[in-house]
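Participant: Here's the feature list from TrEMBL:
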{"type": "COMPBIAS", "residues": "102-114", "note": "compositional bias 'Basic and acidic residues'"}
{"type": "COMPBIAS", "residues": "115-124", "note": "compositional bias 'Basic residues'"}
{"type": "COMPBIAS", "residues": "164-176", "note": "compositional bias 'Polar residues'"}
{"type": "COMPBIAS", "residues": "177-190", "note": "compositional bias 'Basic residues'"}
{"type": "COMPBIAS", "residues": "211-220", "note": "compositional bias 'Polar residues'"}
{"type": "COMPBIAS", "residues": "234-257", "note": "compositional bias 'Basic residues'"}
{"type": "REGION", "residues": "99-124", "note": "region 'Disordered'"}
{"type": "REGION", "residues": "158-257", "note": "region 'Disordered'"}
Amino acid sequence: QDGLKQCLAEFRQQLAWVERLDVTLGPVADPLSQNASANDAVDPENDFQREMSFYRQAQAAVLEALPRLRKLQVPTRRPDDYFAEMAKSDQQMQKIRQKLKSKQEAMERSEKAKQLRAMRKYGKKVQVEVLQRRQKEKKNMLNAVKKYQKGLSDKLDFLDEEQTSSQGNKKGNASQRTKKGPNAKRRYKNQKFGFGGKKKGSKWNTKESFNDVSSFQSKVAHNKGPGKGGRGGKGGKKALNKRPGKRARQKMKNRAR
């Protein structure tokens, strides 16, 4: 112990505080703690409590040292034009940046491949379910046809189900699927050819059509309209200038002789 004290006295230098900047204080009192005695009991096994004790002790040292430095007119803030060389060169930082970028790209590719595998698995599952459903419907329909052929059943409901299922599987726009009634082509054919049934006598007059004279036109009926051969029409002018026939011209020659 005497030797340690002697060595300590040899390398101890009586310098000013601004040259030493040593501050020895206890931790700042925790405002959240209800009693001050709890600050002394620090569990060394509790990482959070131990680190908070270090933080409060450093905070107490700063609160003590800053006013003394300002009193001694020692600057405590870094100037705006301060330049410090980095510990690592630009080439090494560029290598680190490239390595981080390659790791990020590899992670993105791995995530995208994982998503594609999941989508393929889901698509295969849906496809298998659709095929199984179609096979089941086909099997049920074949069984119903066999029962009908053997006379075990007299119902034809399976045909309606097949028709509705085929219509449901057709692709098309939503407007076409929700549209009801025949289209324009079907309506035109229905109007032109009818809906089947009796065709004979469909154009015969009835009592109502016989008494209906709203569409009667006297000029057309008596050939007085344009193009009908009347006096004011073009047809009448052509009729006046029409050349007589061969027999009429022969008779006119015989008379002239």
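Each residue, glycine too, has its Cβ placed from N, Cα and C.
TrEMBL does not curate its annotations; it predicts them automatically.
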Participant: Using a Cβ cut-off under 8 Å, which residues of the same chain at least 6 positions beyond either end of the compositional bias 'Basic residues' (115-124) come close to it?
Facilitator: none
Participant: Please list the DSSP helix, strand and coil residue counts for the compositional bias 'Basic residues' (115-124).
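Facilitator: Helix/strand/coil tally for the compositional bias 'Basic residues' (115-124): 10 helix, 0 strand, 0 coil.
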Participant: So how many of the residues in the compositional bias 'Polar residues' (211-220) end up helix, strand or coil by DSSP?
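Facilitator: Counting residues per DSSP class in the compositional bias 'Polar residues' (211-220), I get 4 helix, 0 strand, 6 coil.
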